[in-house]
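One structure is given here, and the rest of the page talks about it.
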Amino acid sequence: MNEKWWYAVGRERKGPFSSEELRGLIEDGTLTSRSLVWKKGFDGWLSITQVSELSDAIDTVPPALPIDTPREANIELPMAGPWRRFFARLIDFWALGLVTAYIVGVAGSYISAEFALWIMQPGSDYLFGWLIVPLILLTEALVYAIFGTTLGKSLLGVKVISVAGYKASPSQYARRLIGVYWSGIGTGFPLVNLFTMAHQNGRLSRGRSASYDEGEFNVKASKLGFFRVPITFLVMAGLFSVIVMLNVSSEQDKRAAQSGFTWTNEVTGKTVSIPSGWIHDSQTNGDDQPIDIFSNTETGVFVIFAVEELAPGFSLVDYATMWANATAGSMKLDVPGTSLEMQGYSARRITGHLVSEESQKLDAVVVRRGRQVWRVVLLGAPGRVPISENSVTLREVLFSSI
């Protein structure tokens, strides 16, 4: 008569099973040496190793296969080809370059008026792009330290591995980027970078490591999934489109500054012709009010055009006083200024300087038209005189749009 066996899973009893069925459960791994079993005649539940007629079955079951460690998995990965490495680097450079350039441009313009004027000069964008290459690579090192990878490497499955098989640490990755800067992209300098990249591509095509990786790193690549290729293509297309749009906008600004352009006052709808030499930008001030800024890189003057509503019963003198009080933290204005007439409207001229930089002089004219107060502020860069033939002409043109 076949014996009937039971085994326990937690507080649950399962069975009955024949001896052959129980051995089958041991062989397929359902039961282990620590599993509890019982049959008629036992005083209680016993582990399989305590049952002589079953313990031999445990001995015949091979142990579980070893699990690959991350190091072993890294070693087994194939080397990344030159084109996959190139596109991963290109994606990182485009994405981080856009972010870094924007942050440096905004911060630099906020800190220094001279920088704001310089960055708008023709040709400065090329020099600026070359100068921030180290900052782009520094940003890449920070991204790697935080996320353990970068956008391009994540999309294309590229990994930087030490020759020992371990993932590159943040400090190792940062040190590697120094080699990339000098030997990989040739500091980003035009023509030079073509020679350095061609040299590294030749090494990779011959099965060698890049010179900055030799003896320290291996660049490996995991298998690309079905969706990675189209996603990578879309990301690259998006980044490329943004770069093209920015370049087109920059070229349009340059042409407009050289030949002049038409500009429409969005409040009144009137269109006027802006003289050559000026670059236009629409922004908002600290009070979230829309303003138009015109910059002249040759004269070093900014012209800020804005409008506000004047409460009933308030005069231009009252407005000048309120404006001076509201901007006391940033500007020192000599109010109430002097009275004058601007294109048939009552106006006041107010002079002053920036609180943070007394050498940055300003010359403002405020004009009242109904309940609206329009103001044009001529602001010179440090040491520059705001009043010039160009700036006064532009002021008159802007007031003609009200």
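In case you wondered, yes, glycine gets a Cβ from its N, Cα and C as well.
According to TrEMBL, the features are:
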type	residues	note
DOMAIN	5-54	domain 'GYF'
DOMAIN	80-204	domain 'RDD'
TRANSMEM	93-120	transmembrane segment
TRANSMEM	126-147	transmembrane segment
TRANSMEM	177-198	transmembrane segment
TRANSMEM	226-248	transmembrane segment
In the domain 'RDD' (80-204), how many residues does DSSP assign to helix, to strand and to coil?
96 helix, 6 strand, 23 coil
Remote residues contacting the transmembrane segment (126-147) - C-beta distance under 8 A, at least 6 residues beyond either end:
92-93, 96-97, 99-101, 104-105, 119, 170, 173-174, 177, 180-181, 185, 187-190
Take the domain 'GYF' (5-54) and count its residues per DSSP category (helix H/G/I, strand E/B, coil), listing them in that order.
15 helix, 17 strand, 18 coil
Counting only residues 6 or more past its boundaries, what in the same chain has a CB within less than 8 Å of a CB in the transmembrane segment (177-198)?
86, 89, 93, 126, 129-130, 133-134, 137, 140-141, 210-213
Which value does the mean pLDDT take for the domain 'RDD' (80-204) in this predicted structure?
96
